[in-house]
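Chemist: I'd like to ask you about the structure that follows.
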Amino acid sequence: MPTFNDSVFMPSAFILIGIPGLESVQCWIGIPFSAMYLIGVIGNSLILVIIKHENSLHIPMYIFLAMLAGTDIALNTCILPKMVGIFWFHLPEISFDACLLQMWLIHSFQAIESGILLAMALDRYVAICIPLRHATIFSQQFLTHIGLGVTLRAAILIIPSLGLIKCCLKHYRTTVVSHSYCEHMAIVKLAIEDIRVNKIYGLFVAFAILGFDIIFITLSYVQIFTTVFQLPQKEARFKAFNTCIAHICVFLQFYLLAFFSFFTHRFGSHIPPYVHILLSNLYLLVPPFLNPIVYGVKTKQIRDHVLKVFFFKKVT
């Protein structure tokens, strides 16, 4: 039975300590984190501006890329300002409700990003495997439905996690959170009450979103590779495969970091706490930082328009 004598009842605020074990060097860790944030915001903003103003890019592949860029900016902005406040300005306190809001936003944007990656994989599948039906299937209305669908799926599935914390967990061992942002399990583990329901629902959401998406992305690319390798001409195979390279790179780095962070946090009890927290931070910061670089390097249309922005006279 839990004991509540030394517990904190319904705390008004939490204290985020940052990266446990590395407090003395957090000010230095904040420098590369801030650099990744700034580069990510600039790169993703540039992609949004280019896609918005270039009519030739108003096609599903680039509309999904714009959705991904917007989600990346929002995701990074949910975490980095508070993290910098902890690392540089010694402002670790966050109110209980603000903590739940940050938790909901971070996990929702993660789920939205996963849904967009699934939509991008399906777009490549239809474009390569059944190209004659691509324009019919990926209509403007269907794109709108996809955007609303991945957003609502994320928001609706994450909300019960917050409700379980708000309504069921009243007593906490401490208000000190060994993390640099309000992560679901980091908060739940502070509670004295039985948290099995919270853990089970957290696992359900993770597998319902990430598990579902990764299965269908993998199936899409199995079909894509089967179709590409059956093309008679080598040049056609290369061209078809080249349209998928950027998405494959983004897909791999997003899900590999996601699963490393997820499993080490839940099952890596022998791993030092600072490794857990660093992996969690990198999982949130690296994809928004790398995505515009990957698409800028690997996608000719984006690369050409970026060059036009910075070297207009030379390109024209």
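The backbone N, Cα and C atoms fix where each Cβ goes, glycine too.
According to TrEMBL, the protein has these features:
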- 34-51: transmembrane segment (TRANSMEM)
- 43-295: domain 'G-protein coupled receptors family 1 profile' (DOMAIN)
- 63-89: transmembrane segment (TRANSMEM)
- 101-122: transmembrane segment (TRANSMEM)
- 142-165: transmembrane segment (TRANSMEM)
- 200-222: transmembrane segment (TRANSMEM)
- 243-263: transmembrane segment (TRANSMEM)
- 275-297: transmembrane segment (TRANSMEM)
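I'd like these features described in context: how deep, what's nearby, how far apart.
Modeler: Note on the transmembrane segment (142-165): residues 60, 63-64, 67, 100, 103-104, 107-112, 115-116, 118-119, 184, 187-188, 191, 197-198, 201-202, 205, 208-209 of its chain, located 6 or more positions outside it, place their CB under 8 angstroms from a CB of the stretch.
Panel annotation: around the transmembrane segment (275-297), residues 18-20, 33, 36-37, 39-41, 43-44, 46-47, 65, 68-69, 72-73, 75-76, 79-80, 83, 106, 110, 113, 178-181, 183, 246, 249-250, 253-254, 257-258, 260-261, 264-265, 268, 303, 306 of the same chain, lying at least six beyond its termini, place a Cβ under 8 Å from a Cβ of the stretch.
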Chemist: Name the range, of those listed as 63-89, 200-222, 243-263, that has the largest tally of Cβ pairs under 8 Å with the transmembrane segment (101-122).
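Modeler: The listed stretch sharing the most Cβ pairs with the transmembrane segment (101-122) is 63-89.
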Chemist: Apart from its near flanks, which chain residues at least 6 from the ends of the transmembrane segment (63-89) lie with a Cβ under 8 angstroms of it?
Modeler: 16-18, 26-27, 29-30, 33-34, 37, 40-41, 44-45, 47-48, 51-52, 102, 105-106, 109-110, 112-113, 116-117, 119-120, 123, 143, 147, 180-181, 250, 281, 284-285, 287-288, 291-292, 295, 302
Chemist: Restricting attention to the domain 'G-protein coupled receptors family 1 profile' (43-295), give the mean pLDDT.
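Modeler: Averaged over the domain 'G-protein coupled receptors family 1 profile' (43-295), per-residue pLDDT gives 91.
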